[in-house]
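A short worksheet on the structure shown next.
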Amino acid sequence: MKLFLYHFTFIVYYFIISFSYAFSIKQEIIVSSHNASSILNTTAFWFVEFTESKYDKEEFSVIWNEVSMEFPDIRRAKVFCDLDLEFCAQQEIYDHPKVVVLKNGMWMRHVLEKNQITTKSARQFVKSHLGNCDLEQAENETDCFSDDGEYNSDSSSTDPAFELKEDQSWKHSSILRPLETLNFKRFLFGNEIMSKTRAFVMFVSLKHCEDCFHWEAVWSSITRNTDERLKMAQVNCDEEKEMCNHFHIKKFPTFRVFQGFDSIQYNGPLKYQQLLSYSNQVASYQAIKIEEGDIESIENSHPVFFLVLYDFATTSEDFSIIERLKLQLAGVAPLYICNSKALANKYGAQSQPSIIAVRNGMPIVYQAITPREFRDYKRITEWINIVSSPFITELTPTKCHSLLNRKLTVLTLLQPDSEQFFSSQEELLRLGKRWFRFQMQRQRNDIVWSRIKKYSAIAEAKKKGFARKVKRIKYSKISHPTYTESVSFLWLDSSLWLDWIVENLDHTVYVDSITPPVFVIDHSKGVIYVSDRNGNSLTLEEDSLFSTLRIILEHPNSSRLQKLRAPGLCPNGSPNYRNRYKLIVFNLLIALLILSILTIISASRLSRRRRQLLNKQPVFGFYHSLVIAKSD
């Protein structure tokens with residue numbers, strides 16, 4: 001009986017001690033959007049663990065729970081970001097698990113990351129935020145408790161429970177500007193930096209790029225000198241592989257401009273001044289509303305500009321696509337908006353809203369039959385890439401890839417210090433405009449021919465009495481293809497391109513000639529045309545040049561050509577994948593042919609050997625040809 005009372009007393013005492021210890025520990029609360037005010041609107045400080053439900057029993061959570069139980073008076077909270085992603089995004093928490101300290105409703109910079117978690121580091125992290133204990137004391141394992149086991153605090157009840165320097169990183173500074181660091185979840189779900197403004201993002205990879213660590217300092221300098229209306233950010237592709245694969249980032253560093261979920265890649269030179277100039281252009285680019293009388297001065301001051309004409313019936317969906325076009329046109333050409341019927345008649349816009357590109361005073365109207373085609377963002381961007389350059393421009397290494405985007409390029413060698421320079425430029429511009437009119441007339445003829453075929457088919461169906469066929473053809477739509485250009489007109493300074501000219505052309509003929517020389521390059525085939533069909537050198541004479549261009553486009557093998565001996569006009573040009581694939585297919589066919597020949601030779605030798613074995617067998621009739629008789 002005494003033994004039973006002894007055991008019963010021990011169990012009761014054990015439960016009393018356990019319950020008293022358990023109730024002395026402040027319970028951890030689960031925080032979400034509906035009860036976030038319980039910690040955000042208090043003056044106390046909290047140790048908040050941001051994690052996911054699948055991480056709740058992993059090493060980080062286990063160590064943090066064990067260490068936090070050693071400090072029963074601290075306030076603990078937990079947020080499951082996979083269950084409440086919006087709340088974590090609002091608090092700018094995108095990487096977890098981690099522990100963040102909340103002081104007076106503000107998040108502190110000193111956090112406990114997943115890669116830092118050990119029992120010692122977690123204990124130091126807690127001690128550095130308690131009482132009079134600072135981080136140095138915590139790292140030296142100095143005890144932060146008084147002799148009676150309570151936290152040592154000389155401050156009053158109204159003072160904060162710990163002393164830390166104020167976090168200044170969030171404050172605005174005109175000298176230092178913070179650089180955003182993005183990850184894929186922040187891009188998809190926490191899109192607050194890209195929803196209302198543009199963002200210029202650098203993609204780097206320290207594993208695949210040897211000099212990318214230099215670019216981090218350069219990018220920080222560009223960030224400080226860029227207009228604050230443009231957000232600046234960077235992405236480390238070693239950690240954010242999913243985001244880099246989403247945007248097909250293969251080279252480093254790569255720069256992209258974002259506006260919402262639209263993006264465009266920067267293809268200019270990777271130089272500090274050019275990147276800084278482009279970033280400021282993107283930051284300040286806006287559509288300018290003009291009046292009818294302003295158009296003349298705009299035509300005289302801009303070789304290329306874009307004009308949007310609208311009326312009272314223009315919808316918000318139409319204006320939204322115009323807003324998205326700013327991303328494509330930033331740093332390329334100005335964008336103007338006007339409500340004028342007179343300008344619509346001047347530029348040949350038959351309906352509103354209309355998008356018009358004006359190059360050297362000549363308009364090109366974006367052809368859209370239905371509202372859906374007008375709001376087709378991909379179709380408009382393809383059209384902008386074609387019409388965003390003037391009819392003639394100088395070929396420079398920095399703009400080389402963007403200018404050589406046609407099938408054929410007409411290049412004229414000019415010397416800026418010669419007397420014929422300006423007259424030759426005007427003649428080349430006249431040829432460019434004439435060729436543009438020729439292309440536009442050809443496209444109109446194609447549309448007219450399509451209409452003739454449609455009406456002829458309707459008449460034929462009516463004649464045969466096919467009512468259903470007549471109805472089907474009548475309501476079929478005649479497609480207006482997107483405007484394309486097959487020829488670009490460029491001029492280059494012969495002194496700057498001297499090495500390329502010597503490598504590919506006759507130096508004496510093409511540099512010392514009084515008449516500006518002209519030649520045509522086909523980039524897809526890597527060939528150059530220096531003469532017409534009759535063997536005469538190409539010049540700026542319209543009939544000869546245009547007839548040569550038409551012959552090359554329709555019958556490319558009928559004109560005299562020579563192969564380009566240099567890799568191409570553009571330095572470090574992109575490889576010609578078409579020729580590369582041709583070479584791969586050719587090598588594969590050669591390999592298959594060789595394999596077939598070897599197979600035939602092996603089969604013939606094997607059959608010959610079998611015939612020889614058959615001839616050596618006994619000639620008796622009861623012996624099989626494959627049986628070898630063994631005799632003693």
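Glycine residues also receive a Cβ, built from the backbone N, Cα and C atoms like all the rest.
Since this is a predicted model, take the numbers as computed values, not measurements.
As given in Swiss-Prot:
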{"type": "SIGNAL", "residues": "1-22", "note": "signal peptide"}
{"type": "CARBOHYD", "residues": "Asn35", "note": "N-linked glycosylation site"}
{"type": "CARBOHYD", "residues": "Asn41", "note": "N-linked glycosylation site"}
{"type": "CARBOHYD", "residues": "Asn140", "note": "N-linked glycosylation site"}
{"type": "DOMAIN", "residues": "153-284", "note": "domain 'Thioredoxin'"}
{"type": "DISULFID", "residues": "Cys209-Cys212", "note": "disulfide bond"}
{"type": "CARBOHYD", "residues": "Asn557", "note": "N-linked glycosylation site"}
{"type": "TRANSMEM", "residues": "583-603", "note": "transmembrane segment"}
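Locations of recorded Swiss-Prot features on the structure.
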{"residue": "Asn35", "record": "N-linked glycosylation site", "DSSP (3 states)": "helix"}
{"residue": "Asn41", "record": "N-linked glycosylation site", "DSSP (3 states)": "coil"}
{"residue": "Cys209", "record": "disulfide bond", "DSSP (3 states)": "coil"}
Rounded to the nearest Å, what's the C-alpha distance separating Asn41 (N-linked glycosylation site) and Asn35 (N-linked glycosylation site)? Just drop the number here, would you? 11
If you tally other C-beta atoms within 10 angstroms for each of the glycosylation sites Asn35, Asn41, the top scorer is Asn35
Neighbourhood of Cys212 (disulfide bond), C-beta criterion under 8 angstroms, separation at least six: Val204, Ser205, Leu206, Phe252, Pro253
Average pLDDT across the domain 'Thioredoxin' (153-284), rounded to a whole number: 72
Among all protein chains shown, how many Cβ atoms are found within 10 Å of the Cβ of Cys209 (disulfide bond), not counting that one? 18
